[in-house]
Amino acid sequence: MADPDVVTWEPGDQENPHSWSPTRRWVVTLVLNTLPLFVNIGSSILSGSSADMEKLYHVSSEVTILMTSVFLLGFTFGPLMFGPLSERIGRKIPITIGVTLFATFCIPIAVAQNYYTILISRFFSGLFGSAAMAVTGGAIADIWPDPIIRGVGMDIFILTGFFGPIIGPIIGNFITQSYLGWRWVMWVTAIIAYSFIIFAFFVVPETYAPVLLTRKAARLRLQTKQWALHSRLEENDTDFKTFAKAYLLRPWVLLATEPIYLVVTIYMAFVYGLLFLFFEGFPIAFEQVRGWKPQIAALPFLGLAIGVIIAGFAIIWYTMTFYKRQIQSTPGLSVPERRLPPMMVGAVLLPPGMFWAAWTSHASTPWPAQVAAYIIVGACLFTIFVQGFKYIVDVYLNVANSAISGNTFLRRFIALALAPVPFLFFFYGKTIRSYSKNALVDA
């Protein structure tokens with residue numbers, strides 16, 4: 001029997017995000033997605049400034065890649081804080097504070113007089129910027145009860161996670177090589193991030209139903225003087241021990257106890273790590289091997305971007321046709337495994353795409369052949385990632401943000417580990433080859 005003192009939604013309640021008009025929900029969805037887009041652009045936008053920093057701060061190229069690594073380190077641990085926190089206090093506060101501090105920590109980088117300032121600021125910028133990735137997915141799940149439309153909203157969200165890091169080096173390179181210089185890379189990032197978080201603050205309301213019901217219960221208690229009225233969220237103890245057990249530890253518990261979650265997360269982490277491996281490998285492939293100028297050497301990232309866009313449209317088409325028909329054939333029953341066919345196609349085509357990219361990486365091979373390979377690779381990486389992400393959200397819908405947080409942590413950790421790999425082999429490859437019985441060894 002339902003507790004009459006527990007406040008729930010009434011039919012057509014306009015405080016319930018599910019009752020908002022489609023136009024309002026789409027506006028909120030699109031505005032929310034601008035925040036992770038700019039944060040993700042910020043993750044890679046400094047990669048084209050390495051040469052200038054080497055000269056200015058007298059550091060080696062190995063040290064300059066730490067700009068990306070420490071950002072990813074912050075990006076790795078931030079979701080473990082912001083994701084669970086958003087399931088207690090709502091989505092709006094964590095994402096507003098997070099993106100604001102992300103922009104704030106861009107400013108010390110723009111005015112830095114030593115390299116340590118850049119590294120420390122990049123870490124905190126990544127730590128707080130991760131709120132956009134950790135919270136936005138859960139907010140979209142709050143807004144859209146229909147799994148079909150929710151899937152399209154998730155496609156847009158995950159597109160920002162892939163597209164942002166891909167175009168970041170292109171934008172950063174052109175600003176760095178212009179009369180503005182590399183410091184304006186961070187000034188532009190901060191200005192845009194501040195502008196959009198202010199806009200989002202006024203446009204995007206709270207979306208998390210338990211927090212909205214708590215506010216509704218508080219208002220009804222004052223209006224009716226029925227002090228027993230409360231929400232389900234208020235029934236939970238709020239001491240730190242209970243909060244940590246119920247929220248902060250939940251991503252770790254899922255990783256330790258849910259085989260589906262662990263396996264899909266590991267696969268997605270590997271795929272995401274490959275993406276960041278390309279960020280460090282492209283300058284070697286096109287600047288050092290082919291001898292291109294830095295601005296031009298960043299343009300092959302468009303190959304990955306084109307692949308991501310093609311895959312995005314293909315997934316939306318699949319969602320609105322095959323997936324929609326399957327959902328309509330079994331009303332009221334959402335089967336998460338129906339998300340997986342595009343992911344299966346991407347998994348099959350990714351290895352040939354990687355081989356293609358490797359075989360065409362020589363300077364004697366025409367560059368369009370190599371860039372075409374990256375279109376295939378970009379499409380496969382995005383397809384695997386986006387469908388895996390939606391599969392996790394569908395399977396663990398009730399704890400979506402905690403599931404996203406644990407998934408994000410492992411993805412970022414592997415991306416962080418893979419980022420220095422090309423430099424490791426470039427500078428120490430000769431020594432490593434000397435231990436091999438089969439590799440070519442310099443005379």
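In case you wondered, yes, glycine gets a Cβ from its N, Cα and C as well.
Remember, TrEMBL labels are computer predictions, not curated facts.
Copied over from TrEMBL:
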- 1-20: region 'Disordered' (REGION)
- 26-47: transmembrane segment (TRANSMEM)
- 28-443: domain 'Major facilitator superfamily (MFS) profile' (DOMAIN)
- 59-81: transmembrane segment (TRANSMEM)
- 93-111: transmembrane segment (TRANSMEM)
- 123-144: transmembrane segment (TRANSMEM)
- 156-175: transmembrane segment (TRANSMEM)
- 184-204: transmembrane segment (TRANSMEM)
- 260-286: transmembrane segment (TRANSMEM)
- 298-320: transmembrane segment (TRANSMEM)
- 340-359: transmembrane segment (TRANSMEM)
- 371-389: transmembrane segment (TRANSMEM)
- 409-428: transmembrane segment (TRANSMEM)
Candidate ranges 59-81, 93-111, 123-144, 260-286, 340-359 - greatest C-beta contact count to the transmembrane segment (156-175) (under 8 angstroms): 260-286
Across the domain 'Major facilitator superfamily (MFS) profile' (28-443), average pLDDT on the 0 to 100 scale: 81
Stretch-level contact, the transmembrane segment (371-389) and the transmembrane segment (184-204), CB cutoff 8 A, at least 3 pairs: no
The region 'Disordered' (1-20), counted residue by residue under DSSP: helix, strand, coil: 3 helix, 1 strand, 16 coil
Close approaches to the transmembrane segment (298-320) from elsewhere in its chain (Cβ under 8 angstroms; 6 or more beyond its ends): 48, 148, 151-152, 155, 159, 162-163, 166-167, 169-170, 172-174, 275, 278, 282, 285-286, 341-342, 346, 367, 370-383, 386-387
When counting Cβ pairs under 8 Å to the transmembrane segment (93-111), the leader among 123-144, 184-204, 340-359: 123-144
Touch test for the transmembrane segment (26-47) and the transmembrane segment (184-204), at least 3 Cβ pairs under 8 Å: yes
